[in-house]
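Listed in TrEMBL for this protein:
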- 1-21: region 'Disordered' (REGION)
- 54-98: region 'Disordered' (REGION)
- 106-124: transmembrane segment (TRANSMEM)
- 130-149: transmembrane segment (TRANSMEM)
- 161-180: transmembrane segment (TRANSMEM)
- 242-263: transmembrane segment (TRANSMEM)
- 318-342: transmembrane segment (TRANSMEM)
- 362-383: transmembrane segment (TRANSMEM)
- 416-436: transmembrane segment (TRANSMEM)
- 442-461: transmembrane segment (TRANSMEM)
- 473-496: transmembrane segment (TRANSMEM)
- 502-522: transmembrane segment (TRANSMEM)
Amino acid sequence: MRQAHSSPAHDRSSSRLRGLSPMAMEREKPVIFLIRPSTLTSVSGEGWHGGLVSDRCHRPKPLGNSEPASGALPMGEEGAEYGGLPDSADTGAGASPSPSIRKLSIIPLIFLIFYEVSGGPFGIEDTVGAAGPLLAIAGFLLLPVIWSVPEALITAELGTMFPENGGFVVWVASALGPYWGFQQGWVKWLSGVIDNALYPVLFLDYLKSAVPALGGGAPRALAVVGLTALLTLLNYRGLTVVGWVAICLGVFSLIPFLVMGLVSIPKLRPARWLAVDLHDVDWNLYLNTLFWNLNYWDSISTLSGEVENPSKTLPKALFYAVILVVVAYLYPLLAGTGALPLEDKAQWTDGYFADVARLLGGAWLMWWVQAASALSNMGMFVAEMSSDSYQLLGMAERGMLPAFFARRSRRHGTPLVGILFSASGVLLLSAMSFQEIVAAENFLYCFGMILEFLAFVLLRVRRPDAPRPYRVPLGTAGCVAMLLPPTALIVVVLALSTLKVALVSLGAVAIGLVLQPALRFVEKKRWLRFSVNPDLPDIDVTRQQPAAPNEPFVA
């Protein structure tokens, strides 16, 4: 705990120890540093010799400045300086991308968020099959207000407060400590990988009507492996490539639905939108499908360190992405349910929009929708994998994972190890069915969101004056009130989960509870190297002593 006044000797000792992990702090033995003189400026840890210590002996920069911000800052204005990654082409742990690598601007970021959350109306058909047109339309009108907007607002505030690749992991670690930060990272990464396993399934479901061999067996398995390898290579090429590919895919994927809506106008019968049978509603499938199609707004936070001027760009991109996602769902849903009679709602399952296009416009429109689905799933895959892999990089830069997770490609600046880990998880989980994938990822995602909501409120209470380039325009009580409906939705989604999904998901959560202490044991034994990036600011908010008069405030 830092005192208001201390001796110079104490200050020097404290400066060295603040970068250490809790496990390293417990060691009381003297430590000998053997440093190669030519590498004294290295931050990647590759200049350290002797293997006597991990690379945690760097002091993170304090978050904020000597004059805490008061009140809300206008959207887009700069807050306190946030320590970025060092300018180095080194690919060691903690190295940053080369200065020549371009960062994300607002347009690619909007489409990356679009693909993180939606990717288009592919997969929303089950809401009609589960509950009928009225509840499906009502769900995509109400749930964005209850869930998407609050999650996007939280992401805008905390993502600009902590603009680094750890994203929501850093939010929770700053409020609840590194143990719960790791748990947040574990369940969110796992739910993201499960989510990514869904896109090859959706891709093949849309194509199997044209290519029946892709319905199962060896051809389907080979198609999943080949598609995963191709899209993993695209992620390896860099975020700028992924961002502009997302723009092209997004435009191509949405145009056929625009055409389908125009073709449906003469056939629209508004009374068809009101069809509902409350005695024949599969609430579990209905809510899980809605929830899956309207969450993951916070996933973009793990790319905050790769965004150009995140304090301005991130809030604006989230605002435009919310509008784009809601319109992309409601427009084709209104066209399809209003132009076609609901003879058998069981037909409305994933992939049915291709049939709707055929009935309304002919085979040419069906083929267009199928092609759009294929490309949209590619966009969702690369966007999700980007977030998952950069999250692992961000956790490694905070010392939560071994240092090799922070290694970047020399040529493209991408987290190669994180990409490979995420791709492996996708292949292992791709054999699950659509409904199983959606239910499992929603269950895990709910655990992460509970921690995220709690961290948001605690940071408002403990750090009310911390610099926030964007601030949700509500007081603490208003923020709590804003989070009550989404918290209630989380409870409902968890309560409606099947026993199988609940047991599997709880088992996955239990693995994370054990994995974090196991990694700390590995660190203590020096079996793997762990490193903290020295240019990242201090996120510890557990100390409540006031800062010394001339020191920056670190709660």
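Quick reminder: no glycine exception, Cβ is built from N, Cα and C everywhere.
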Stretch-level contact, the transmembrane segment (242-263) and the transmembrane segment (106-124), CB cutoff 8 A, at least 3 pairs: yes
Contact check, the transmembrane segment (318-342) vs the transmembrane segment (106-124), 3+ Cβ pairs under 8 Å, seq sep 6+: yes
Cβ-Cβ under 8 Å with the transmembrane segment (473-496): same-chain residues at least 6 beyond its ends: 72, 143, 146-147, 150-151, 153, 283-284, 287-288, 291, 442-443, 446, 449-450, 453, 456-457, 460-461, 464, 502
Per Cβ pairs under 8 Å, the stretch of 106-124, 130-149, 362-383, 442-461, 502-522 packing most closely against the transmembrane segment (161-180): 442-461
Same-chain residues near the transmembrane segment (362-383), Cβ under 8 Å, at least 6 residues beyond its ends: 111-112, 115-116, 119-120, 122, 196, 199-200, 202-203, 206-207, 209-210, 227-228, 231, 234-235, 242, 245-246, 249-250, 252-257, 259-260, 263, 351, 353-355
